[in-house]
Amino acid sequence: MPWSPAEPYNALPALPPATEIETKRVLKAVVAARSSLAALNASCETLPDPHVLINAITLLEAKSSSEIENIVTTNDAMFLYADPARSKQADPATREALRYRTALERGMESITQRPLSARTAQEICTTLAGRAMTVRNLPGTFISSSTSYNPRYTPPTGSTVIRDHLSHWEKFIHTDTDLDPLLRMSMAHYQFEAIHPFADGNGRTGRILNILLLATYELLTYPVLYLSERIIETKNDYYDTLLRVTSHNEWEAWNLYMLEAIKVTADRTLVTSRHIHTLQQDFHKYLREATGTVNADLLALLFVKPYCRITDVMEACRVSRPTASGMLKALLPSGRLHKEKLGREALFVNVPLMRVLARAEAFPGTTN
């Protein structure tokens, strides 16, 4: 049965498609993307504490992936309320975006215990939604364009049909084929989007699955690929190229799009990783020169929690409140920290780090 935008695509073909996938252009792009991923992995391994980058990139990815679905928050809000103990104080959009971080972390943990599966996807979607999510059972789901309510694509309908498609999807991601794993990830992402198994959260779930697949295929050591930023920048191309696979079987264009996004994102994250490392060295040098000593726990804390409270320092460094306050205030004159008030609470913000993460100039004005 030919595809029609207004009809449920129950006949969605299983992967792999009966067409040439590894064209010369695609293979060239695969080599470039793999090289960038390898460089990013190597850089992460040299960081004193990779969790600084993991924490930062995970929160940025959560913000951007949520923004694609029109759940809009800010970097400042994400880092301010990143601590689970304080997340309930955040606005609804920020709380929802923070659930993405939780879903990604749980997904990464799950693949260390059992293979990635449709069950993993359902657990991710449940975490994102904050309520139990199951495969769609009711008809009427369709995807419209941003300018019209007319159907642009109608995914398969009926829980049995959807589960069958997910079973084929699961088999594809774990079948050992000659296809490069990057291409398997790219094609699996299309297929999951086309199946659209849940009533809500499919896009965010699919983007988390991308990271989990790269980790499963041992192409990504840590979850630090910030793909959603590139998708936001090229949002129309993303949706148009995705649809052209369905309507015209244009796999080459789709795979080239995904490989370019992986390369660009890996290259950018590598630069961000190097900037963060340089900032850590700068803070270390300043503390040693200004105070004569460097508290390693304080230094780590300021980069894991760029919105830092005195109580955070007391806990991390096991010091009294006056000592913790003095440690933070020592960094204020140089501009490395900025003090803000949130209600009755004082916050000490790692300004250079937040600027790096906002893609502003890498080394904003600080004084020695």
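Heads up, residue numbers simply count up from 1 along the chain you see.
Using the three backbone atoms N, Cα and C, a Cβ is placed for every residue, glycine included.
Because TrEMBL annotations are produced automatically, they should be read as predictions rather than curated entries.
Annotated features, as they stand in TrEMBL:
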ACT_SITE  HIS196  active site
BINDING   GLU69, HIS196, ASP200, GLY201, ASN202, GLY203, ARG204, THR205, GLY206, ARG207, TYR238, TYR239  ATP binding site
DOMAIN    116-260  domain 'Fido'
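Sequence features annotated in TrEMBL and their locations in the structure.
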residue : record           : DSSP class
GLU69   : ATP binding site : coil
HIS196  : active site      : coil
ASN202  : ATP binding site : helix
TYR238  : ATP binding site : helix
### Which same-chain residues, if any, lie at least 6 apart from ARG204 (ATP binding site) yet have Cβ under 8 Å of it
SER65, SER66, ILE68, GLU69, TYR100, ALA103, LEU128
### Query
What is the interatomic distance between the Cα atoms of HIS196 (active site) and TYR238 (ATP binding site), given in whole Å?
16
### Under 8 Å by Cβ from ASP200 (ATP binding site), same chain, sequence gap 6 or more
CYS125, ALA129, MET133
### Task
Please list residues from the chain of TYR238 (ATP binding site) whose Cβ is under 8 angstroms from its Cβ, counting only those at least six apart in sequence.
ILE231, TYR257
### Task
With DSSP as the reference, give the number of residues of the domain 'Fido' (116-260) in helix, strand and coil.
89 helix, 5 strand, 51 coil
### Task
Any same-chain residues 6+ apart from GLY206 (ATP binding site) with CB under 8 Å of its CB? Would you list them in sequence order, or say none?
HIS189, PHE192, GLU193
### For ASN202 (ATP binding site), nearby residues of its own chain (Cβ under 8 Å, 6 or more apart in sequence)
CYS125, PHE192, GLU193, HIS196
